[in-house]
Amino acid sequence: MAPGNMTQVTEFILIGVSHCPELQVPLFLVFLGIYVLTTMGNLGIITLTSVDPRLQTPMYFFLRHLALINLGNSTVIAPKMLSNFLAQKKTISYYACATQLAGFLVFIVAEIYMLAVMAYDRYVAICIPLRYLVVVSQRVCLLLVSLTYLYGLFTSIVFTLCVFSLSFCSSNVVNHFYCDITPLVALSCSDTYVTEILVFLSAGTNLVFSMSIVIVSYFNIVLSILRMRSSEGRKKAFSTCGSHMMAVTVFYGTLLFMYLQPGTNHSLDTDKMASVFYTLVIPMLNPMIYSLRNKNVKAALKSFMTNPCHSCKLM
């Protein structure tokens, strides 16, 4: 196509989760419920880990930031998704699409590494408990969290610029419910080879590196627990990392399912379903996983519900 014949795209149309008109209102209600539960659950975790003195440890500091990341990721995606269920014209402007992609990348990359940081925290707590407060000091906690956010921001800027430096000059219909890299690249009329290779290498590197930290940490944790003579000690050790192991399994399992699909079976519709899970469902499940399986969180919640003013005064 000659440059003179190109019409630059100024907005995109998001197909959404389903094409069926009769499903739009039921899906709106389902995803509204998911988003409300996500918001309430993660705000609850953030509040409890901020005000309750029993939750002022590195473990709950990292959990607070995981909840903040989950809330941010859902909030970047859900409001526009919900409005499109009820809208006749499901459009998003060019710059709003770029902003949504940037926000999504910040939070999804930060979540990948926050889970790795939390696995390292559990490794230190169980394998070298006497040095726990020295190795995972307040300064180290702040450094690890800062690096997680900064790397997420760096990745977001690089890949948002990569995607939106491409030309979109024909179709503007995005086969997704938010602006993601793969469906946007599929629409481009530019040469996307370099962008696709960079995305593949970055996604693979982030996944392998963060999963390596998680696997090595939990391998050492299991070995350390098996060496314990006391059955009560083993039970307590498993209980302190059980919630995190469950959250990690669900999150990485979803990403691996999407990333390791054979090319012949891979489709944007499959990506869409996996994306629903890790952008909306997992952020809703994480507060439940951590609160239902954690005695300290349940006790803090009970105390806060009974006397919230007293909990705040303790800080």
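Every residue, even glycine, has its Cβ placed from backbone N, Cα and C.
Curation does not apply to TrEMBL; its annotations are automatic.
Feature list (source: TrEMBL):
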type	residues	note
DOMAIN	41-290	domain 'G-protein coupled receptors family 1 profile'
TRANSMEM	27-49	transmembrane segment
TRANSMEM	61-80	transmembrane segment
TRANSMEM	92-116	transmembrane segment
TRANSMEM	151-169	transmembrane segment
TRANSMEM	207-226	transmembrane segment
TRANSMEM	238-261	transmembrane segment
TRANSMEM	273-292	transmembrane segment
Chain residues in Cβ proximity to the transmembrane segment (61-80) (below 8 Å; excluding those fewer than six residues from its ends, i.e. six or more beyond): 14, 31, 34-35, 38-39, 41-43, 45-46, 49-50, 92, 96, 100, 103-104, 106-108, 110-111, 114-115, 117-118, 121, 141, 144-145, 148, 177-178, 279-280, 282-284, 286-287, 290
Surrounding residues of the transmembrane segment (27-49) on its own chain - C-beta under 8 Å, 6+ positions past either end: 17-18, 55, 60-61, 63-64, 67-68, 70-71, 74-75, 78-79, 81-82, 85-86, 280-281, 283-284, 286-288, 290-291, 297, 300-301, 304
Surrounding residues of the transmembrane segment (92-116) on its own chain - C-beta under 8 Å, 6+ positions past either end: 9-12, 14, 62, 65-66, 69-70, 72-73, 76-77, 80, 145, 147-149, 151-153, 155-157, 159-160, 163-164, 174, 178-181, 184, 206-207, 209-211, 213-214, 217, 244, 247-248, 251-252, 255, 278-279
Contact set, same chain, for the transmembrane segment (273-292): CB under 8 Å, 6 or more residues outside the stretch: 17, 31, 34-35, 37-38, 41-42, 44-45, 63, 66-67, 70-71, 73-74, 77-78, 104, 108, 176-178, 180, 243, 246-247, 250-251, 254-255, 257-258, 298, 301
Intrachain residues whose Cβ lies under 8 Å of the transmembrane segment (151-169), provided they are six or more past its termini: 1, 6-9, 12, 94, 98, 101-103, 105-110, 113, 181, 184-185, 187-190, 192, 195, 198-199, 202, 206
